[in-house]
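Features reported for this protein in TrEMBL:
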| type | residues | note |
| --- | --- | --- |
| DOMAIN | 130-441 | domain 'PDEase' |
| BINDING | 210, 239, 240, 349 | Zn(2+) 1 binding site |
| BINDING | 240 | Zn(2+) 2 binding site |
| COMPBIAS | 440-451 | compositional bias 'Basic and acidic residues' |
C-alpha cells in the first residue's frame with residue numbers, strides 16, 4: 001500500500017460547468033496527492049482549472065454553431081444550384097420547341113392567311129430585336145419658332161422627315177417633364193421611339209406620320225388641359241402600332257387571325273395595345289423600367305383604355321357618356337377624368353380637319369387611297385364593301401361633309417366650348433370648303449349628263 005501511495009496515479013474528476021457534468025480525467029493531469037494542498041492555493045488552482053474548462057466548452061459550442069450554420073448555408077446553395085439547373089434545362093427545352101415550331105411554320109410557307117400584320121408574335125423577333133447600341137438617328141435641333149409651332153393645331157406635319165419627327169417626339173417627352181418624372185433613361189427613350197417608328201407600316205394613311213400627327217395634336221391639347229400627360233402622350237404615340245391598312249370591318253368579315261384572336265372585339269385596337277407593351281417588355285426599350293410595379297400596372301391599364309377608345313365603332317357610346325358628365329364635370333372624379341381622356345384621344349386621332357386646308361386635305365387623299373385598296377380586296381374576296389370606301393361611289397367632298405358635320409363638329413363643340421375659334425371654327429370652314437367642292441362636282445356632273453343626253457338626241 002505504501003509503495004503504491006507514493007507512486008503517481010491519475011485520478012478522474014467530475015465537474016459541473018454551466019449545468020453540464022464533464023469527466024476530465026484524461027484532459028487534466030493533476031496528481032492526486034497534489035490536491036491535498038493548503039485551502040487558499042487549492043481554491044486558486046480550482047478556479048484556474050474551471051476557467052480553462054469553461055473556455056474549452058465555449059470554443060466547442062461556437063464550433064458546433066458554426067458547423068450548423070455552414071451546413072445550412074451549403075444546403076441552401078445546393079438547393080439553389082439545383083433549381084437554377086432545372087431552369088436552364090427548361091429554357092433549353094423551350095428554345096428547342098420554339099425552333100421546331102418556327103421550322104414547321106417556315107416549311108409551310110410562314111404566311112398567315114388573311115392577315116397582313118407585320119408584327120408576328122411567332123416570328124424571329126425581326127422587328128423587335130433588342131437595341132443595345134446607342135441609337136444613331138440624326139439629332140435635329142429645334143428652333144424656338146418650331147418649339148412654339150409644335151403646340152398649335154396649325155403645325156404642318158408634311159415638312160418633316162422621320163428623324164426630325166423622332167426628335168420632335170423626344171423633345172415633347174423632355175418638355176412635358178416626363179423624362180424627369182418617370183426617371184426615363186434618355187438613351188432608352190431614343191430606342192423606344194425608334195422601335196415605335198419601325199413598327200408603323202408604310203400604309204397610305206395609318207403610318208408613322210399619322211402617329212406623329214396625332215401625338216403633336218395631343219401635345220398641343222395637353223397645354224390646354226391640366227391632365228396626367230404621360231398616359232395621354234404614350235397612348236397617342238402607340239395608338240395605331242402595326243396597323244395593317246385594313247380596318248376592323250375587314251378583319252371581322254375576312255375572319256383574319258386578329259379577329260379570331262380578339263373574338264371580333266376591336267381586333268386592331270387590341271393588337272395596337274399588344275404591340276405597344278411587347279415593345280415595352282424589352283429592357284432596351286422600357287421607358288417605364290423605374291416605375292413601381294403597382295404604378296406601372298395602373299399606367300398600363302389607362303393606356304389600354306385610351307387606345308381601345310379609338311375604335312370608331314364605340315364613338316357614339318363614348319361621346320354620349322361624356323355628354324352626360326360634362327355639365328357637372330368633376331376633375332376629382334376618376335370616371336369623369338377617364339371619360340375626358342377617352343374623348344381627348346379620339347379628337348386627336350381624327351383631328352386633321354382642324355388644321356389648315358393645305359395640311360388637312362392631303363390626308364383625305366391618303367385615307368381614300370387606303371380605303372380603295374381595302375374595297376378592291378373586299379370585292380376580289382367576295383366580302384361586303386362599305387359605300388364610303390367604294391371608288392365608284394365616293395368622292396372627296398361626299399366623304400368629308402358627312403364626317404365633319406355628324407362626327408367631328410358635335411364632338412369638338414362638346415369638348416372645346418371655350419376655345420371654339422381655335423378648335424371648332426376650322427371644322428366649320430372645312431365643311432363649307434367641301435360643300436363648295438361638292439356643288440362644283442354636282443354642276444360638272446349635271447353638265448356632262450346634259451351633254452350626253454344632247455349627243456344622244458342628235459344621233460337619233
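Cβ coordinates come from backbone N, Cα and C, glycine included.
Residues 395, 397 of the same chain sit 6 or more residues outside the compositional bias 'Basic and acidic residues' (440-451) yet have a Cβ under 8 Å from a Cβ within it. Each of the binding-site residues 210, 239 was assessed for Cβ neighbours inside 10 Å, and the highest tally belongs to 239. Of all the binding-site residues listed (240, 349), 240 sits in the most crowded Cβ setting, with the most other Cβ atoms within 10 Å. Sitting within 8 Å of the Cβ centre of 210, 239, 240, 349, and not among those site residues for Zn(2+) 1, are the Cβ atoms of 206, 211, 214, 236, 243, 310. The DSSP breakdown of the compositional bias 'Basic and acidic residues' (440-451), given as helix, strand and coil counts, is 12 helix, 0 strand, 0 coil.
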